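Under the heading Ca(2+) 1 binding site, TrEMBL lists F23, G25, G27, E67. Summarising the annotation, TrEMBL assigns Ca(2+) 2 binding site to I253, K255, G257, D297. Residues or ranges marked as Ca(2+) 3 binding site in TrEMBL: A295.
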Amino acid sequence: MATLVVPNQTSPLEDAEALHKAFKGWGADNKAIIAILGHRNVSQRQEIRKAYEELFQEDLIKRLESEISGDFEKAVYRWMLEPADRDAVLANVAIRNGNKDYHAVVEIACVLSAEELLAMRHAYHNRYKRSLEEDVAANTTGNLRQLLVGLVSIFRYEGDEVNARLAQTEANILHESVKEKKGNYEEVIRILTTRSKTQLVATFNRYRDEHAISISKKLLDQTSDDFHKALHTAIRCINDHKKYYEKVLRQAIKKFGTDEDGLSRVVVTRAEKDLKDIKGLYYKRNSVHLEDAVAKDISGDYKKFILTLLGK
């Protein structure tokens, strides 16, 4: 379930005019910006953007970028983009990141539906005049390249059919590969980049039943390099993306100095989808409400905006 709270009736024209007014004078009226944009769904936000352009002959996103700054600006900017375009930006940022931090790319590739991933790849073409696969391949090597290119270019089957015999066979293949840290991962990559999510979950369950440990826990002992980290993230996202996101939030808040990028990414991308469920998992795991943890950790307009998206 979503956390976004949207009023029954809204007018894109009135919203555009109110935002224009919020930009007037010395420094923007951030409270008004949050009150409007923090309570509008994706189609309403696109309508406001269109109305703003028609009324004032300028792009609302560009105006927002010039009026606000820091983590608040980054979160609002990503919130204003259409989901496919936003995911394209997140993937590009992750690829260009000097820290070689690919989990955001894996996350997008493994959590989105087949149609959503395809739309995101189209958005990537339009925005960067290159393919996502091209950029991923140019920035990676070896097993990591094979895994990531496979994940971002798959159009997964989304039916509920499960082949139990295949799940058993492939659970055995996974076991043999991860048993040795320097195992042969070609087959693991093939399985993860070709099977449906339903089939993969059946395979992961089979693995856990046979070996009394989940494959993601088994891989935790080996997550020292980028490839093993990406593999671990892919399995977690396919198996239960809500639990995965809860962990991203927990780690983002736990860090010495918040990981604002991780926090914004989860809140902004999930607020209209399943953030309420993720919040429930967070409370169950940490015995503290996500809003309270966030409120303690961040400040200013960024805090107000994130709390608004959390439904506060």
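Each Cβ is built from the backbone N, Cα and C atoms, and glycine gets one as well.
The structure, with features from TrEMBL marked on it.
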residue: F23; record: Ca(2+) 1 binding site; Cβ within 10 Å: 19
residue: G25; record: Ca(2+) 1 binding site; Cβ within 10 Å: 8
residue: G27; record: Ca(2+) 1 binding site; Cβ within 10 Å: 8
residue: E67; record: Ca(2+) 1 binding site; Cβ within 10 Å: 17
residue: I253; record: Ca(2+) 2 binding site; Cβ within 10 Å: 20
residue: A295; record: Ca(2+) 3 binding site; Cβ within 10 Å: 16
residue: D297; record: Ca(2+) 2 binding site; Cβ within 10 Å: 18
Residue pair F23 (Ca(2+) 1 binding site), I253 (Ca(2+) 2 binding site) - Cα distance, angstrom, rounded:
31
Starting from the Cα of I253 (Ca(2+) 2 binding site), work out which of the binding-site residues (G25, G27, E67) are within 10 Å.
none
Identify all same-chain residues not among F23, G25, G27, E67 whose C-beta atom falls within 8 angstroms of the centroid of the Ca(2+) 1 site's C-beta atoms; report them in sequence order.
A22, K24, W26, A28, D29
Between the residue listed as 'Ca(2+) 3 binding site' and E67 (Ca(2+) 1 binding site), find the distance joining the two CA atoms and give it rounded to the nearest Å.
24
Quick one: Cα separation, G27 (Ca(2+) 1 binding site) versus D297 (Ca(2+) 2 binding site), in Å?
25
